[in-house]
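Listed in TrEMBL for this protein:
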BINDING   92, 134, 138  Fe cation binding site
ACT_SITE  135  active site
Ligand code: GNR
Ligand code: NI
């Protein structure tokens with residue numbers, strides 16, 4: 001078990017495009033275990049491998065109230081998007097302290113592999129649909145602030161850079 005460090009915007013590694021997992025083996029299962037521990041510790045409702053600097057298509061999600069219903073998505077694909085959209089106030093563990101509205105499909109269908117390498121499919125709406133789309137964006141190297149205006153994004157970038165400099169000074 002290990003907590004993994006989370007990359008923070010505007011780290012350029014967050015824009016890496018993840019590769020498909022070739023084989024769901026013990027290495028991937030260990031990554032899933034560590035990612036789940038990191039997500040619950042944060043705490044967050046999702047985490048993409050990209051955020052822990054592993055550029056393979058692995059996601060963990062838990063949107064349950066009790067944080068006891070782990071969903072593991074390996075090589076996930078969204079196979080259907082509803083025409084209807086919803087606006088949701090999003091946050092991201094890689095963009096600490098920033099929350100803003102993002103419009104996405106209200107419902108989706110998802111296909112993925114589980115930790116045994118078996119394919120499964122599900123339908124998602126509400127927070128789960130938001131979260132799956134947010135995490136799959138991470139795997140494509142996209143962070144939610146890229147949906148905001150260039151002005152907002154610039155301000156966020158400047159603010160986070162300053163925060164990171166201050167934190168670095170504290171650490172020395
Ligand atoms: O913990 C998280 N909460 C959240 C809230 C609204 C929309 C998306 C999210 S995902 C985020 C965790 C995270 O950064 N995942 O990549
Ligand atoms: Ni995120």
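First residue shown is number 1, and so on along the chain.
Keep in mind that glycine also has a Cβ here, set from the backbone N, Cα and C atoms.
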Chain-internal residues, separated by at least six, CB under 8 A from residue 138 (Fe cation binding site): 14, 48, 50, 51, 59, 94
Secondary structure of residue 92 (Fe cation binding site) (DSSP, helix/strand/coil): coil
Distance, residue 92 (Fe cation binding site) to residue 135 (active site) (CA atoms, angstrom): 10
Env. residues of Fe cation site, Cβ within 8 Å of mean position of 92, 134, 138 Cβ: 46, 48, 51, 90, 93, 94, 135, 137, 143, 144
Where the residue listed as 'active site' falls in three-state DSSP terms: helix
Other C-beta atoms that fall within 10 angstroms of the C-beta of residue 92 (Fe cation binding site): 23
Neighbouring C-beta atoms (10 Å sphere around the C-beta of residue 134 (Fe cation binding site)): 23
